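What follows is a single structure, written as structure tokens, with notes after it.
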Amino acid sequence: MTSPDPTPRSTNGSEDAAISAKEKLRPETSARARFARLTRVFPSTAAGNQLVLVALVDSFGTGIFLSGSVVFLTQVAGLTAAQIGLGLSAAGIVGLISTVPIGLVADRVGTRKVLVALQVWRAAWFVAYAFTASFPFFFIVACMLAMAEKATGPLNQAVVGAAVGDNDRVRTMALVRVVRNVGFSLGALAGTTLVALGSHAGFRGIVLTNAASFLLAGVLLARIPLLNSTASARRNGPWHSLASLRDGRYLALTALNAIVVMHMTLLAVGIPLWIVMHTSAPPALAGLIILVNTVLVVLLQVRASSGCDDITVASGRMRWAAGALAGCCLLLELSSGTTPVVATSLILVAVVLLTGAEMWQAAGSWGISYELAPSDRRSEYLSVFSLGTTLQSIIGPVLLTALVVPHTTVGWLGLGLLFVVTGLVLPAVAAPRRQPA
């Protein structure tokens, strides 16, 4: 008589399940799983990876430049603060006016061709920028650069769509945004080191490095393969060419997006002013909130963008963004008149809400602006949509500094109500239209 098998045998498949579980615990299987998760961080196409590299090069140069631009203009070029402000204001107007015409040209000759040309244009004018020695020269250079600066955003979005296709477009845009945040930070760190040297040659080196980054970005961009052409057939008639400016639905969404994108000015102007003028929180918190915002965007932007290729999902994210901004306003109002610890805590939570709004707004706007733009006029439409962001950068600071922050409770509650209304209206405007039977 044989002894019984000490290992019980399964008759219902549990043994197979146990073996499968053991397989998952094997080191090589676990390593493969970790590698798979790591690869999901990167775009799923070669073109997407190249676009991310372009973004890194571009943003690194810009980060270096921004870290020392004001010091360069005042100490090397010898300009006054008033002259710098006047030149940049004029440049903003030039950029606002030129964005849509450049989009029209891009639809006719090819978006990538125009985007490459704009990168070369920026490189050339930043070389000139490095030798600025008078206000008239700075005025001209700033205006010439603004023509390219405002137009590159919407054209880049159009090129991403043409290079990676609809299925990976929003995810690639999210990764580009993450990499741009990293590039800005690394560039600013490198630029700060050069600024510390304090030499005129070092400051000019900062500007010339930015020029080189744009030139390299243009070269890399020209080598990216496209899935489809970004040039449409030429259309006759200037009025027909401006169809985007007669599309009431698209213009309404542009205006609504401009309200939600006010998170940019809130983070850069509104919250720092509020911290210093109306709360007991330490002034150093104004710098910490930028760090918190940057880290969260780098870690979570891709996840926040999931599904936004679908316009219904995209408009839902915009609604989330508006709601988060309303909550941010409420917390900021509550932070006044409290202890330093309570004020700091409320402001940090408000910044987390604002950062969520920023990520949802970015992802939602990519989906809405692209999906509702006719394929043969995509660059034109995206250029029009970007005007909302430009106008917000002009109106937002005035709204916050003149109406919201000085009027404390009424100001924050009023702004919060504006966000609530925007969040309710925007999805209805963006909803897919039913086709007639």
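The backbone N, Cα and C atoms fix where each Cβ goes, and this holds for glycine too.
As written in TrEMBL, here are the features:
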| type | residues | note |
| --- | --- | --- |
| COMPBIAS | 1-14 | compositional bias 'Polar residues' |
| DOMAIN | 47-435 | domain 'Major facilitator superfamily (MFS) profile' |
| REGION | 1-23 | region 'Disordered' |
| TRANSMEM | 51-73 | transmembrane segment |
| TRANSMEM | 85-106 | transmembrane segment |
| TRANSMEM | 126-148 | transmembrane segment |
| TRANSMEM | 178-197 | transmembrane segment |
| TRANSMEM | 203-226 | transmembrane segment |
| TRANSMEM | 250-275 | transmembrane segment |
| TRANSMEM | 281-300 | transmembrane segment |
| TRANSMEM | 320-336 | transmembrane segment |
| TRANSMEM | 342-360 | transmembrane segment |
| TRANSMEM | 381-404 | transmembrane segment |
| TRANSMEM | 410-431 | transmembrane segment |
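Contact check: the transmembrane segment (320-336) against the transmembrane segment (178-197) gives fewer than three Cβ pairs closer than 8 Å, residues 6 or more apart, which falls short of the contact criterion. For the domain 'Major facilitator superfamily (MFS) profile' (47-435), the model's average pLDDT works out to 92. Of the two recorded stretches, the transmembrane segment (250-275) lies close to the transmembrane segment (281-300), with three or more CB pairs under 8 Å once pairs fewer than 6 apart in sequence are set aside. Under the criterion of 3 or more C-beta pairs below 8 Å, with sequence separation of 6 or more, the transmembrane segment (203-226) and the transmembrane segment (281-300) do not qualify as touching, having fewer than 3 such pairs. Within its own chain, the transmembrane segment (381-404) has Cβ neighbours under 8 Å at 92, 95-96, 99-100, 102-104, 106, 150-151, 153-155, 157-158, 244-245, 247, 250-251, 253-255, 257-259, 261-262, 264-266, 269-270, 273, 365, 369-370, 372-374, 411-412, 414-415, counting only residues six or more beyond its boundaries. Within its own chain, the transmembrane segment (51-73) is flanked in space by residues 42-43, 79, 84, 119, 126, 132, 138, 159-160, 163-164, 172, 175-176, 179-192, 194-195, 203-204, 206-207, 209-214, 216-217, 220-221, 224, which lie at least six positions past its ends and keep a Cβ under 8 Å from the stretch. Away from its own ends, the transmembrane segment (178-197) comes close to residues 52, 55-68, 71, 203, 205-206, 294, 297-298, 301-302 of its chain (Cβ-Cβ under 8 Å, at least six residues beyond either end). Nonlocal intrachain contacts for the transmembrane segment (410-431), taken as residues 6+ away from its ends with a CB within less than 8 angstroms of a stretch CB, comprise 249, 252-253, 256-257, 259-260, 311-312, 314-316, 318-323, 325-327, 329-330, 332-333, 368, 372, 399, 403-404.
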